[in-house]
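A.B. asks: Have a look at this one.
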Amino acid sequence: MSESGCQEAPGSLEPAGVEGNHGFSPPIGNRVTVVLGAQWGDEGKGKVVDLIAQDANIVCRCQGGNNAGHTVVVDSVEYDFHLLPSGIINPKVTAFIGNGVVIHLPGLFEEAEKNALKGKGEGHTLTRSIILFDFHQAVDRVQEQLRKEQVGGNLGTTKKGIGPVYSAKAARSGLRICDLMSDFTQFSQRYKVLAQQYKSMYPTLEIDVEGELLRLKDYVQRVKPMVRDGVHFMYEALHGPPKKILVEGANAALLDIDFGTYPFVTSSNCTVGGVCTGLGMPPRNVGEVYGVVKAYTTRVGIGAFPSEQCNEIGELLQTRGKEVGVTTGRKRRCGWLDLVLIKYAHMINGFTALALTKLDILDVMDEIKVGVAYKVDNQSIPHFPANQEVLHRVEVQYETLPGWKSDTSAARTFEELPENAQNYRIAHQPMPSLFWFHVFSWLGGGGLCLVARCPDNGFLYSRVFILITDFGVDWVVVV
């Protein structure tokens, strides 16, 4: 799982240029390995997490809620995850849900029971996590309907209550797990006040106050064994004995509340900064940051999508890739790989490596296009636009590559890939602020995953092969 899980020796006690013991650099401790989506989600993060979690001690979720969706197949059994980290399939792992995650308790227990996860690992949740109530989901549906009526278009949310509950958190009216675990009478009073506030804003809203409170009271004893003080838990994990800690990102860079294609985004920070705020840990304990990139681009719902193909190409990608949302069941919009978008995600996250997934979906294509630059009003622009109206006017500049027209699903080494597939690089030209890296792919048949590291000087210096066979997973590092 890379050196990220290892402790580092104490640094020098004396900063450069300072004489005497005037400064102190304490041991860093364990570092966490982070897996993040580099596009609009659905890149295959769950598969990558499942691989890395094979030898992890702790797997964490740091943001989002049950709007996320990961599907993992193990021994022909399919698991769908929305709140729980998918790494919990490993029976030796401790699953940890951080304070940045909003928790719908009925959904949490339903998910655990549906996936038959009893005995599959130990799960904890933070005392500081905000609770997502049933009425948050009802408010989400009402808000989407009002947007459609008043503005002529909604945001295309999952209607899981994510926006309303994060709004309540920011407005300091939300209720946390620690409140539920404390005085239930006071908790009930605050719940009723919050429910009444929503009813005042949305008179048609129907809330079963007493019914939900009764269900929440029943959850107290079920949740109690899982609850930990998250800051203390993470500090002990980071500064105790050597541990391999994996952080599983939800959603993706272009859905980040600050850096995504606003307002068609989620309501949390799903870039690398959300790891620190969502788990209560310092930035220096962030180690490897793996970005997951699909070999083409997909998006669920509404919002600008510069490389979208509303034609037979898009239909082919959707059909071959089985591009249907795990959480919503909606068909995903499909288009060519967009390097401008990937470069932007790298600027924010500082990926140390990328994992390219679903390369085999391109097997049948005569030629493949890759977006390498943007123009607006016939002028090249050096950045990813923040404004939706501008992004809608973007003209993508493509590089056309020859396809390989052969089945890659049986490949088990990089050399077994067709030559054109080997040459399918995400970067085909010098990009000093990005990087060069070779193709690394997750083949749909369960074949090869080749991960290329992203060095500071912009040149490939090592390749990490994750060879997936019918008999398990082998790691081979080639430097």
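Placement of Cβ uses the backbone N, Cα and C atoms for every residue, glycine included.
TrEMBL feature annotations, pasted as is:
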- 1-22: region 'Disordered' (REGION)
- Gly41, Asp42, Glu43, Gly44, Lys45, Gly46, Lys47, Gly69, His70, Thr71, Arg332, Lys358, Leu359, Asp360: GTP binding site (BINDING)
- Asp42: active site, proton acceptor (ACT_SITE)
- Asp42, Gly69: Mg(2+) binding site (BINDING)
- Asp42, Glu43, Gly44, Lys45, Asn67, Ala68, Gly69, His70, Thr158, Arg172, Asn251, Thr266, Arg330: IMP binding site (BINDING)
- His70: active site, proton donor (ACT_SITE)
- Lys169: active site (ACT_SITE)
- Val326, Thr327, Thr328, Gly329, Arg330, Lys331, Arg332: substrate binding site (BINDING)
A.B. asks: Nearest to Lys45 (GTP binding site) by Cα, among Asn67, Thr158, Asn251, Gly329 (binding-site residues)?
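C.D. replies: Of the binding-site residues Asn67, Thr158, Asn251, Gly329, Asn251 has its Cα closest to that of Lys45 (GTP binding site).
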A.B. asks: Checking the binding-site residues Asn67, Thr158, Gly329, which are within 10 Å of Gly41 (GTP binding site) at the Cα level?
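C.D. replies: None, since no candidate lies within 10 Å.
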A.B. asks: Restricting the comparison to the recorded positions Asp42, Gly44, Lys47, Lys169, Leu359, which residue's C-alpha is spatially nearest the C-alpha of Gly329 (substrate binding site)?
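C.D. replies: Result for Gly329 (substrate binding site): the nearest of the recorded positions is Asp42.
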A.B. asks: Measuring CA to CA, name the entry from the binding-site residues Asn67, Thr158, Asn251, Lys331 that ends up nearest Lys47 (GTP binding site).
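C.D. replies: Of all the candidates listed, Asn251 is nearest in space.
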A.B. asks: Here are the recorded positions: Lys47, Lys169, Lys331. Which has the lowest count of other Cβ atoms within 10 Å?
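C.D. replies: Counting other Cβ atoms within 10 Å of each of the recorded positions Lys47, Lys169, Lys331 gives the minimum at Lys331.
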A.B. asks: Looking only at C-alpha atoms, tell me how far Thr158 (IMP binding site) is from Lys331 (substrate binding site), rounded to the nearest Å.
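C.D. replies: With distance taken Cα to Cα, Lys331 (substrate binding site) is 13 Å from Thr158 (IMP binding site).
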A.B. asks: Would you pick out, from the binding-site residues Lys45, Arg330, the residue whose Cβ has the largest number of other Cβ atoms within 10 Å?
C.D. replies: Lys45
A.B. asks: Measuring CA to CA, name the entry from the recorded positions Asp42, Glu43, Lys169, Lys331, Leu359 that ends up nearest Asn67 (IMP binding site).
C.D. replies: Asp42
